[in-house]
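Database features, via Swiss-Prot:
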- 28-98: domain 'BTB' (DOMAIN)
- SER149: phosphoserine (MOD_RES)
- 280-327: repeat 'Kelch 1' (REPEAT)
- 328-375: repeat 'Kelch 2' (REPEAT)
- 377-423: repeat 'Kelch 3' (REPEAT)
- 425-475: repeat 'Kelch 4' (REPEAT)
- 476-525: repeat 'Kelch 5' (REPEAT)
- 526-580: repeat 'Kelch 6' (REPEAT)
Amino acid sequence: MKLEFTEKNYNSFVLQNLNKQRKRKEYWDIALTVDHHVFFAHRNVLAAVSPLVKNLISNHDMKTTDELFITIDPNYLSPTTVDQLLDYFYSGKVVISEQNVEELLRGAQYFNTPRLRIHCNDFLIKSIRRANCLRYLFLAELFELKEVSDLAYSGIRDNFHYWASPEGCVHFMRCPPVIFGRLLRDENLHVLNEDQALNALINWVCFRKDEREKYFKKFFNYINLNAVSNKTLMYASNKLMGMENSSAHSTLIESVLVDRKQERPTSLLSYQRKGALLDSVVILGGQKAHGKFNDGVFAYIIQENLWLKLSEMPYRAAALSATSAGRYIYISGGTTEQISGLKTAWRYDMDDNSWTKLPDLPIGLVFHTMVTCGGTVYSVGGSIAPRRYVSNIYRYDERKETWCLAGKMSIPMDGTAVITRGDRNLYIVTGRCLVKGYISRVGVVDCFDTNTGEVVQCITFPIEFNHRPLLSFHQDNILCVYSHRQSVEINLQKVKANKTTTSVPLLPNNCPLDVSHAICSVGDNKVFVCGGVTTTTDVQTKDYTINPNAYLLDQKAGEWKTLAPPPEALDCPACCLAKLPCKILQRI
């Protein structure tokens, strides 16, 4: 009789014991020295996973009793990384992070271990984001990782307006010439305008003038001077005086300026590259007159006082929410004829004019508030049914492709006003909830830390209004809350609220702001409002109509301006500020 017995996980058992022997320095026959640190191992194990070690053994005709010594340059691989590599060779497990991925790639290159290189490549692809795409592009070029290179380049191109800004240029000035030239040549480069592209070129050259001045002539040809403002052209002309062989460029600039003096003033918009960004307010969904739900997506181009239809949503809904993050607009939730709280979520690509279905929200929501903080999308509060509010704050995890519970507000609310500060904190200001059986807006400010998932500060204040307030930061610690009846300055450091005389005037139609309006801060103390319901002058009839107009509030002057009317009058649409590429004008 014969019986075969097989040990479970025997290979793992053997390697685990070999690794223990390695750490106890038992039966070793190979030593790796890095900056006075010596690591002992077994030739057979390393030869099985590393062609480098295998070739060293075979090329030197080593005997079984011989010992192999390898010295590694500490400037190439640190002792910590070598120790981590040996653990990987023995266990097949490795923890990769943004901090160690570069050295692990060097280790994979040094020991010629393609599987580790694949793991590093996968990590870079899954963890790429705006803040690290420049560094990842450097790594991709250095280690010839094409897929990572393409993704990182797209990330820089799509966020060039950030990298060329004062906030991002500190790191971007180190961009190699081959990458910088490729970016400037790209017609789809996301710049604020051609002025920013020209300024970026000048700053990049001046950062290392002796090394980069030779590239200026070639890269200058990638700038469309007809799309640059007179002010920036004159600034560039002055900068060129300090550069060698720049007379031809100065002549081109002067020619454009002279031609403009002889012609009628025209908009520079038609000359911008396809990727130049337009500050816009995007309106999505909503409910039309007579109760019909809408699926249209409209954009108001602020600079041109112009409305465009961008697309149609994959579903019809009102009381949904939206936020923009780079080239994408995220939408979720809402109500329809059949369902009062939808779980559905979608992402709209403004560049490609395409929609991608996202995983559903954990619960169906209406009147929730979507916001982007640190490049991550959040959903704050909301209602799951009439008079049933939630305190949940959800975060969309791009890597795991799922909605996660990030934390909770201090009380359940919907219709909240949210403002961000930095890449970490959400300030959730007032919201609707049940107070003694009645729907009421409460005066509360929650500072939600997205890193810890906790409300780290909660401030209450007396409230005399029932609409979503307008928010802004004055100085670092002063949060301003504006409404029709009262305005409050909240000192976050001293935890103190003071009333101010500033207030928000009624809309031009003499109606107050309402949760049904699309409200969006567009910067420079200006606020966009459209849609929503308005009451008739005869209060006794209690008739409501949908506001057909759009308005812009100048908070400094305290005045409303009537804008071009929206294509449709909509109640409870979603609204967000977005940067649309100029090619949308050509597409439409």
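Every residue gets a Cβ built from N, Cα and C, even glycine.
Counting only same-chain residues six or more apart in sequence, the Cβ atoms lying under 8 angstroms from the Cβ of the residue listed as 'phosphoserine' belong to LEU137, ALA140, GLU141. For the repeat 'Kelch 1' (280-327), the neighbouring stretch richest in Cβ pairs under 8 Å, chosen from 377-423, 476-525, 526-580, is 526-580. Secondary structure of the repeat 'Kelch 5' (476-525), assigned with DSSP and counted as helix (H, G, I), strand (E, B) and coil, comes to 0 helix, 21 strand, 29 coil.
Helix, strand and coil counts under DSSP for the domain 'BTB' (28-98) come to 29 helix, 14 strand, 28 coil. In the repeat 'Kelch 2' (328-375), the DSSP tally of helix, strand and coil residues is 0 helix, 24 strand, 24 coil. DSSP labels the residues of the repeat 'Kelch 3' (377-423) in these numbers: 0 helix, 28 strand, 19 coil.
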